[in-house]
Amino acid sequence: MDYVATCKLPTPWAVFSLHAFVSPESGKEHVAMTLGDLSTTEPVLARVHSECLTGDALFSQRCDCGAQLEAALQAIAAEGRGVLLYLRQEGRGIGLVNKIRAYSLQDEGADTVEANVRLGFPADMRRYDVCRPMLEHFGVTQLRLMTNNPRKVDALRENGIEVVARVPLQVNRNRYNEGYLQTKAAKMGHWFNLADLPENP
Ligand SMILES: [Zn+2]
């Protein structure tokens, strides 16, 4: 990963630093948002967030990505220290157009895993090998990772990143994403306890 540049990024919750990286292999542009001093030995509160244009920017209620992104940034701001890696792997790695094709199949009754499989994709094509060089750039070696996804914890550990704790991120259950969250829990092993999750109006 090649580090390129840093700017200030004011948000409603804190003024973060936004750092740009480019992967020389894929040409993909990734960013990291950081807050506070990450060079100390204390494990860093972290989120590894994969791009979801519909959820992060277009207010989609089909998934929980936008709410997770917001909650993660709020948690980092509240702690005054942390890092969010924003990885450009839309739609669990299948890209925006294919994600919309998968949503179209879901409108006809398929669940999120079946739709990907019917389009000829694995349920999850995300990769996390860019994370370690990005974290190393900031001197971060130990994470307290905000996620509900056990495979993400495993994938980061396989990439040599020490995840010392998992912080649950259970936000934005609503009537449109109930089935999606249940599929993630049942078929993808996500740690959800829907009974514990408050329903948004
Ligand atoms: Zn999403």
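Cβ from N, Cα, C; glycine included.
Curation plays no part in TrEMBL annotations; they are all automatic predictions.
DSSP classifies D124 (active site, proton acceptor) as coil under the three-state reduction. Taken from TrEMBL, the feature active site, proton acceptor covers D124.
Residues near R126 (active site, nucleophile) in space but far in sequence (CB under 8 A, at least 6 apart, same chain), listed by position: S50, L87, Q89, R92, G93, A155. Annotation source TrEMBL lists active site, nucleophile at R126.
Of all Cβ atoms in the protein chains displayed, 19 besides its own lie within 10 Å of the Cβ of E90 (GTP binding site). According to TrEMBL, the GTP binding site annotation covers R47, V48, H49, S50, E51, Q68, E90, G91, R92, T112, T147, K152.
The Zn(2+) binding site annotation in TrEMBL covers C52, C63, C65. Secondary structure from DSSP puts C63 (Zn(2+) binding site) in coil. Under a cutoff of 8 A between CB atoms, and with a sequence separation of 6+ in the same chain, the neighbours of C63 (Zn(2+) binding site) are C52, T54, G55, N177, Y180.
Marked as domain 'GTP cyclohydrolase II' by TrEMBL: 5-168.
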Entries of R47, E90, D124, T147 which, being recorded positions, have CA atoms within 10 angstroms of C65 (Zn(2+) binding site): none
Rounded mean pLDDT for the residues that make up the domain 'GTP cyclohydrolase II' (5-168): 94
Contacting recorded positions, sequence order - R47, R92, D124, R126 vs ligand 1, Cβ under 6 Å: none
Three-class DSSP secondary structure - E90 (GTP binding site): helix
